[in-house]
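Everything on this sheet refers to the single structure shown next.
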Amino acid sequence: MTQLAIIDDAVVYIYALSLLFYFSNCFYRNPGAKRMGTGLLTCSLFLMLAIFGIRIAEEGLAAFFSAYDYLQLVSLCLMLASIILTFLPRTELAVMLVSLIGFVLLTASRLGSPEGQEAYVSGYTLHSLLTLHIVLAGVSFAALTLAAVLAVLYLFLHYRLKEKKWGDILRRLPSLEALDSYIPAAVLWGVCLLAVSLLIAGVVMVWEGNWRGFLDFKLVLTFAGFVIYLLYFLIRRHKRATGVSMAKWVLLGYAVLIMNFLSNSISSFHSWNWG
């Protein structure tokens with residue numbers, strides 16, 4: 001059973017990675033990201049089939065008679081549906097939504113382990129899911145920090161050029177056009193990572209019945225920052241703002257994330273141990 005739990009974890013991790021590429025393709029049509037997401041999802045599908053094969057060999061048809069197995073079966077079918085949809089035109093949003101639902105069901109099935117192994121596997125699964133949540137959130141924060149640094153450089157360079165303050169430092173900076181392409185790329189990856197991290201945290205809280213956790217100050221700030229970055233893409237996509245205002249929008253979202261980080265001390269379940 002331990003080996004199956006490890007394979008299940010691999011399925012969750014690979015599925016989470018595929019979601020990142022599907023998010024990326026949904027925001028900006030990217031054939032490379034679409035192919036990568038489909039490839040990773042296909043790997044998850046084959047691993048799920050292997051899990052079902054092993055369990056059927058060991059338990060027979062009883063492997064389908066629990067809520068755990070039912071959720072995994074539905075998740076597997078949604079994986080297959082997502083892969084098929086990727087070959088149809090203009091299905092980016094549908095693929096992302098179907099994949100999200102499949103991931104939620106898969107995560108829920110991992111938390112609801114089979115009877116007889118529930119105490120061990122659920123504890124193991126909870127730890128692995130929370131670890132994945134923390135890692136994704138950390139990498140997301142790093143990507144959004146990079147975006148904030150690039151936004152500051154954009155504003156600095158724009159100011160120097162506008163005021164015609166030339167100097168050697170300008171030769172060491174990328175052009176405004178280059179920075180304007182780097183910033184959304186960094187924000188995109190940061191937002192995708194943050195979305196999957198929040199999704200995992202939400203599933204765990206719902207499974208534990210921790211509904212009050214959704215009102216936690218830190219979680220509210222995180223969601224506020226997430227919405228700001230989504231609005232950034234919405235405004236940018238419709239070309240309703242200048243590069244300067246977009247850079248300031250990125251810094252606004254990052255300021256909310258900094259407040260989020262500093263709010264750990266008053267969070268009900270995100271407090272840090274610095275000792």
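In case you wondered, yes, glycine gets a Cβ from its N, Cα and C as well.
The average pLDDT computed over the domain 'Cytochrome c assembly protein' (68-267) stands at 84. According to TrEMBL, the domain 'Cytochrome c assembly protein' annotation covers 68-267.
When Cβ-Cβ distances below 8 Å are used as the criterion, the transmembrane segment (12-28) is approached by residues 34, 36-41, 43-44, 47, 79, 92-93, 95-96, 99-100, 102-103, 106-107, 110, 128-129, 132, 136, 184, 188-189, 191-193, 195-196, 199-200, 233 of the same chain, each at least six residues removed from its ends. For 12-28 (among others), the entry in TrEMBL reads transmembrane segment.
Taken from TrEMBL, the feature transmembrane segment covers 40-58 (among others). When Cβ-Cβ distances below 8 Å are used as the criterion, the transmembrane segment (40-58) is approached by residues 4, 7-8, 10-11, 14-15, 17-18, 21, 69, 72-73, 75-76, 79-80, 82-83, 99 of the same chain, each at least six residues removed from its ends.
Within its own chain, the transmembrane segment (70-88) has Cβ neighbours under 8 Å at 15, 34, 37-38, 41-42, 44-45, 48-49, 51-52, 64, 94-95, 98-99, 101-103, 105-106, 108-109, 112, counting only residues six or more beyond its boundaries. Summarising the annotation, TrEMBL assigns transmembrane segment to 70-88 (among others).
What TrEMBL lists as transmembrane segment is 93-112 (among others). Sequence-distant contacts of the transmembrane segment (93-112), counting only residues of its own chain at least 6 positions beyond either end whose CB sits under 8 Å from a CB of the stretch, comprise 8-9, 11-12, 15-16, 18-19, 22-23, 25-26, 37, 41, 67-69, 71-72, 74-75, 78-79, 81-82, 85-86, 122, 125-126, 129, 199-200, 203-204, 207.
Within the chain, the transmembrane segment (132-157) has long-range Cβ neighbours (under 8 A, six or more residues past its boundaries) at 12-13, 16, 170, 173-174, 176, 179-180, 182-183, 186-187, 189-194, 196-197, 200-201, 204, 229, 243-244, 247-248, 250-251, 253-254, 257, 261. According to TrEMBL, the feature transmembrane segment maps to 132-157 (among others).
Long-range neighbours of the transmembrane segment (178-207) within the same chain, counting only residues 6 or more positions beyond its ends whose Cβ lies under 8 Å from a Cβ of the stretch, are 16, 19-20, 23-24, 27-28, 100, 103-104, 107-108, 111-112, 126, 129-130, 132-134, 136-137, 139-144, 146-147, 150-151, 153-154, 157, 213-214, 219, 222-223, 225-226, 229-230, 232-233, 236, 243, 246-247, 250, 253. Taken from TrEMBL, the feature transmembrane segment applies to 178-207 (among others).
Counting only same-chain residues 6+ beyond the ends of the transmembrane segment (219-235), those with a CB under 8 A from a CB of the stretch are 27, 144, 184, 187-188, 190-191, 194-195, 198, 201, 213, 241, 246, 249-250, 252-254, 256-257, 259-260, 263, 267. What TrEMBL records for 219-235 (among others) is transmembrane segment.
Within the chain, the transmembrane segment (247-266) has long-range Cβ neighbours (under 8 A, six or more residues past its boundaries) at 141, 144-145, 147-148, 151-152, 154-155, 158, 183, 187, 217-218, 221-222, 224-225, 228-229, 231-232, 235, 241, 272. According to TrEMBL, the feature transmembrane segment maps to 247-266 (among others).
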